[in-house]
Amino acid sequence: MPTNFTVVPVEDVEDSSSSSNGATAGANKPASLGRIFANAEDANRSQESPSGDENHGESSPFINSDSDREPYYEGKNMALFEEEIDSTPMVASLLNKLANYTNLTQGVREHEEAEDGVRRVAVTVPQMGTFIGVYLPCMQNILGVILFLRLTWIVGTAGILGSFAIVSMCCICTLLTAISMSAIATNGVVPAGGSYYMISRSLGPEFGGAVGLCLYLGTTFAGSLYILGTIEILLTYIVPTGIVFKENNSEAMHNNMRVYGTCCLVLMALVVFVGVKYVNKLALVFLSCVVLSIMATYAGVINTLIKPPEFNVCLLGNRTLRNENFEICAKTDTIKNNTIPTELWSLFCSGQYSHNETCDEYFTLNNLTEIKAIPGLQSGVIKDNLWGDYGPAGTVIEKKKQSSVAAQVPSEEKNMNYVFNDITTYFTLLVGIYFPSVTGIMAGSNRSGDLRDAQRSIPVGTILAILTTSFIYISFVVLFGACIEGVVLRDKFGYSVKKNPVIGILAWPSPWVIVIGSFFSCCGAGLQSLTGAPRLLQAIARDGIIPFLQVFGHGKANGEPTWALLLTVGICEIGILIASLDDVAPILSMFFLMCYLFVNLACAVQTLLRTPNWRPRFKFYHWTLSFLGMSLCLSLMFVSSWYYALVAVVIAGCIYKYIEYRGAVKEWGDGIRGLSLNAARYALIRLEEAPLHTKNWRPQVLVLCKLESDLQVKHPRLLSFTTQLKAGKGLTIVCSVLEGTYMTRGNDAKAAEQSLKSAMAAERTKGFSHVVVSSNLRDGFSILIQSAGLGGMKHNAVLMAWPAGWKQAQDSSARRNFIETVRETTAAHQALLVAKNIDRFPSNQERLKEGTIDVWWIVHDGGLLMLLPFLLSQHKVWRKCQMRIFTVAQMDDNSIQMKKDLQMFLYHLRLDAKVEVVEMHDSDISAFTYEKTLMMEQRSQMLKQMQLSRTEREREAQLIHDRNTASHSSANDKAVSAAPDGVHMTWTKEKLINERNKQREGMGVKDMFNMKPEWENLNQSNVRRMHTAVKLNEVVVKNSHSSQLVLLNMPGPPKNKQGDENYMEFLEVLMEGLDRVLLVRGGGREVITIYS
């Protein structure tokens, strides 16, 4: 994240052609701006995406900003802004677009859209208010199958207090989520997609995609839940004789649910496929059924005060009996003074009455008792129902205060006549089963496009719906416990009351009101789920954040998501094959809880970050409420089913990582990005509070890349080597410099930066790229070395390639740029890494099977020489290479002791390396060294004679031109023959080549003895330096000619700039004959330590 500032001299040159065009234009009559930009508008229209799938709220901060523009500028009133109107519209035009904004919700109404991309034609519909648009849809989605089929059982099992806790937790969770959702929904326009749109645009594509798919799976499994509820009502209460599998056990019932559920799913899918408008028209009918059922229940509660219903429960001892197979709760009956056995007697006894009959022992020992199923509000039964009664599966439901005599030998086959628990019950299970009854709070936000004032209707309607349904649920918990007998409440399917739903026997005037109402309510809710889930998947697919879901973004010509519907039906079938409402409910609880968790997280993050765009119209929110809601959602997930919660988290995590790894890059201004910026700012400030410790040092590399004329990276292996070096996980900034001014080369700079990013992606280099434009390369490199990075995240090492062609270059800029870079890194206390033959370095795909990394440790400059091979060996390219460390011993050094000390030092550094000590004996300076020095100094002398600057040559040429034009021909000849004062002979390219050839010919014929006098005139300092380079090179080549990489200490440049040419020669001689070389110059601080 480098933020670099540079000031470059910019020379403003007026374009003569522009001036002339402007003059011509000024002479004509001013043209209309609409006509001026007509061609540009046509071009824009031709480039627009025809599909209409992309949301227009993402590409621009304004709504419908790329729609067709009218020619709104005429005359000269706004001539001052005429050049900017194309990019910055007039206020009147902007307000007109905002006023005419319309947004179609996916799936709520049909629209016409050709599959190949003709624009959508919106069908105008009346805008809905809070009651119709938000309140009623939320009520319909919240009140449903659990209320009618499981709430009485939950009250009986958990007791009034336990049920009150369950309902309160779930309702508080949804209320807090609704407050967070209201804040997000009123922070701007919420287009189609509802809750998915809110989460994805608030938390980013990764979280949005993960939670969006979780919400989709939750909605799909909700469809399974409602279909299973429909079939349970059908087979248990409406048509009990319609079962396919006749066996009287739970597995046969599950098979019946699977068969009928699959048929019902196919039928509903066909209805949805034919047309959503039929589903939407029936929505009010289904809602009416729900409201009538609730009103009938309240009426039944009031009726218990006047006349309790005539439903009785038959108890044998204290055990509850299934009474659908008998009418009289007695062992015998008297008809015309004759005692005959009842139907109940035949269930427990075999044989003829009073003749060798064999009866169940418990039946014989205990009497039959008949009690009222609905004692009524004034009966005081509420005291018995305050506390819960949990038990394992197969436990007979018993009335605790009723006396009974236990049988010595229990009869298993006779237990089928009792009412018993079909599953093991415990508190957390009931939480998971109940929670789906409070979901559906997103129904209002999903219809935001149909609302007259969404920012007012969504908060008011949603919160009112939650408060209303919470009141209904809590009041039902209390009223059920106060009116209904406990054993009846625990009877899940109503076997003890003639196979009627327990809530049905309380309702007035008939149980059939509840049966029919709940049946149509479940049908409608199932159709709504099958309608909403495919459109949610279609919205996710059209966003393009999950590549493998792209196919589900397509559909019929009118926009119906056919492929998404097929996938939804397939997933829904999985839930139906589970065949148990109690097992499916916790699954969708997980997905909805995860969705609500991230809604709360989105609101909390946006509130804490205080982003300027966070301005919700709904003011009654706080980040603590959002965190409380988030914590409650997480707690409920693990309380209801910890293994389902783990599965949901893993699924969401996998989707998140997949989108992060493969998904399309989207910038939605999300809160996670804002959180990252805040965290980065905080971390950068903290980094500067204290100096960096040696243990935390890692190479933060500034990579100086050279670009070709087509702006492509010249040495991509430089980036490969950077990737291989980044085991330290430090900062990487890849930079380059363009010559010129930013005004003229701004587009080139952007293209070059994109080229750097592409090269970094190809070489898997994680980091930042930056390109600066400067008047010359030298200043550009200086700017980068000084200012790249930000705060504590600044580079501490510079990596560059060796300028291989510096000898062949016509000018000395490459040499001067390199040496000045060395000097500047030294002055800035930054390490310098120079790679020779960088194009021969291994790529990231190569694997070096064997070889060594040789370190030639001549001088100690902070330990960077030893740290770099260790970092390289962490990468799989260099992993099998062995590290060797060579050090040089002089004549007076004890080489054996040096080796022991170095081995001990490496042991303390925890580095595995082979140690070699090379002895360099004092020897006479060879003739080869003198010859090298002589050639170097002669070349330096030649280059000095060519040091006339460009301005001097131009001044010389101008002087000759002036004198030639001012003189007559005779005087001109004289002036030319006698060279005028101030005109100096300059070196041309031809003269330089001729001089080199002469020197080479001379050197070819001279022998060693004839060169002796010239050797004596050589600079002895240069001779000594050359001697060191030659001798050291001989030793390095001898020992490391076959190594994979050689690391050498890089000597510093001379303080006197007169010796710059000689410095490059010394380095060339030092590296001669080696394939891959990395010159390392430390930054003046220790980078490796023996301490932990």
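Cβ coordinates come from backbone N, Cα and C, glycine included.
TrEMBL tags one of the stretches 225-245, 498-518, 855-875, 897-917 as transmembrane segment, and that stretch is 225-245. Looking at 423-443, 780-800, the stretch flagged in TrEMBL as transmembrane segment turns out to be 423-443. Annotated by TrEMBL as transmembrane segment, the relevant range among 128-149, 546-567 is 128-149. Within the set 282-301, 642-661, the record from TrEMBL flags 282-301 under the feature transmembrane segment.
Here the transmembrane segment (128-149) does not touch the transmembrane segment (257-276). Their Cβ atoms form fewer than 3 pairs under 8 Å, with each pair 6 or more residues apart.
Spatially, the transmembrane segment (463-489) is not adjacent to the transmembrane segment (225-245); fewer than three Cβ-Cβ distances between them are under 8 Å for residues at least 6 apart in sequence. As a quick check, the transmembrane segment (423-443) and the transmembrane segment (257-276) miss the bar of 3 or more Cβ pairs under 8 A, pairs 6 or more apart, so the two do not touch. Contacts between the transmembrane segment (257-276) and the transmembrane segment (225-245): present, as 3 or more C-beta pairs lie under 8 angstroms, all at sequence separation of six or more. In this model, the domain 'Amino acid permease/ SLC12A' (425-702) carries an average pLDDT of 87.
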